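What follows is a set of notes on a single structure, which appears directly below.
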Amino acid sequence: MINYVTAGESHGPQLTGVLTGIPAGLQLDIDAINTGLAARQGGFGRGNRQQIEHDTVQIIGGVRHGVTLGSPIALTIMNRDHAHWAAIMDPVSPATATNTLRQVTRPRPGHADLVGGMKYGHRDLRNVLERSSARETAMRVAIGQICKQLLAQLDIHLVGYVQQIGPKQVTADLTLSVDQLQAQIAQNDLRLPDAALVPEIHELITATKKAGDTLGGVIRVVAENVPAGLGSYTNWDTKLDGQLAAAVMGVNAMKGVEIGDGFAAASHYGSQVMDEISWDEHAGWSRLTNHLGGFEGGMTNGMPIVVKAAMKPIPTLYKPLQSVDIATKVSQKASVERSDTTAIVPASIVVESVVAIELTRALTATFDGSNLARLQQTVTAYREELRQY
């Protein structure tokens with residue numbers, strides 16, 4: 001079963017990740033990983049840091065000649081902006097009057113600053129914000145891209161896209177395949193499946209930036225061809241939809257998760273929500289609709305998995321809100337760090353990545369994942385077993 005850990009601060013020397021449980025024999029496409037990292041840096045409404053960073057991953061363990069070994073995979077992503085913060089973010093040199101000049105003592109409402117400082121005893125809130133920054137998600141995207149490549153070898157494909165930015169909702173054809181969605185969102189810089197609203201949303205983001213404010217939005221992820229039976233109804237913590245919800249909520253700024261119709265299902269009758277069952281001699285078992293987003297009883301049911309995430313607006317405001325200085329206890333405006341007007345576009349890449357990670361975790365927990373060929377054979381045999389059930 002796969003697991004991972006990340007380390008590193010936003011303006012530290014680098015981000016580091018260790019991914020365990022990936023089968024041996026997977027031919028990694030490094031360019032594809034870097035393409036995912038570049039997509040995370042894109043999108044209308046990003047801040048100036050994206051002009052500094054040009055993220056590329058370096059594999060330093062667990063891969064030989066481009067092929068995974070089955071051992072832990074170690075990855076790094078350099079922080080180019082560290083050159084401007086080398087003294088302030090030096091991991092080793094003792095603190096001095098010079099390298100502590102940019103202390104943060106005015107916590108930002110909505111950020112981890114104040115509570116993180118209280119919990120860990122930090123008087124310089126930079127010690128909190130450097131790790132709680134969404135910069136860390138670059139490594140989760142790199143790890144998620146590896147998982148996506150493994151899923152593709154099992155003919156499982158997924159995509160994350162933007163469904164809403166601020167008050168602007170996009171009406172999309174929910175029956176589109178992953179390939180069709182990918183083709184549509186590639187046509188604009190907001191990852192929208194319908195480009196009609198792009199000019200209007202550009203104007204909204206520009207006006208919001210001028211006002212010193214920020215915007216959130218809604219992300220939708222669709223995964224196709226996931227076999228039925230991943231996860232389990234037998235205990236609360238083995239339900240895969242619960243694990244997906246936890247992973248999505250673990251992404252910075254996410255405040256809500258829906259599976260399938262989610263909260264909308266609560267306002268309908270059961271006869272309108274439950275997905276009727278069908279069977280075909282060739283295709284096997286299916287559902288006539290997909291209101292439940294590919295899950296029943298905490299298990300995948302073979303239909304496309306649909307996960308939606310609500311992202312709050314970024315808490316760093318260029319027109320800062322009221323706060324209190326933790327050193328003087330005097331009421332002041334919150335501190336300002338370089339930030340984005342909206343990060344909903346990169347967040348869609350991050351949420352897509354963590355969904356890929358959790359699906360890979362479930363697959364490698366269910367089937368022998370020692371090497372890719374065996375995993376493919378086992379999953380293929382399992383699919384046939386389900387078809388004949």
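Cβ atoms are placed via backbone N, Cα and C, with glycine included.
Record features (Swiss-Prot):
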BINDING   Arg40, Arg46  NADP(+) binding site
BINDING   Arg131, Ser132, Ser133, Asn252, Ala253, Gly297, Lys312, Pro313, Ile314, Pro315, Thr316, Arg338  FMN binding site
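This view paints the features noted in Swiss-Prot onto the structure.
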residue : record               : DSSP (3 states)
Arg40   : NADP(+) binding site : helix
Arg46   : NADP(+) binding site : coil
Arg131  : FMN binding site     : helix
Ala253  : FMN binding site     : coil
Lys312  : FMN binding site     : coil
Spacing of the two Cα atoms, Ile314 (FMN binding site) and Arg46 (NADP(+) binding site), in whole angstrom, works out to 11
So what sits near Arg46 (NADP(+) binding site) in its own chain, CB-to-CB under 8 Å and at least six residues off in sequence? Asp340, Thr341, Ala343, Val345, Pro346
Which of Arg40, Lys312, the listed binding-site residues, has fewest other Cβ atoms within 10 Å: Lys312
Rounded to the nearest Å, what's the C-alpha distance separating Lys312 (FMN binding site) and Arg40 (NADP(+) binding site)? Just drop the number here, would you? 18
Arg40 (NADP(+) binding site) versus Ser133 (FMN binding site) - Cα distance in angstrom: 14
What is the one among the binding-site residues Ala253, Ile314 whose Cβ has the most other Cβ atoms less than or equal to 10 Å away? Ile314
Using a 10 Å cut-off on CB atoms, tell me which of the binding-site residues Ser133, Thr316 is the least crowded. Ser133
Can you grab the distance from Ala253 (FMN binding site) over to Arg40 (NADP(+) binding site)? Cα atoms, rounded to a whole Å. 15
Return the residues near Arg131 (FMN binding site) by Cβ distance under 8 Å, restricted to its own chain and a separation of at least 6 in sequence. Glu9, Ser10
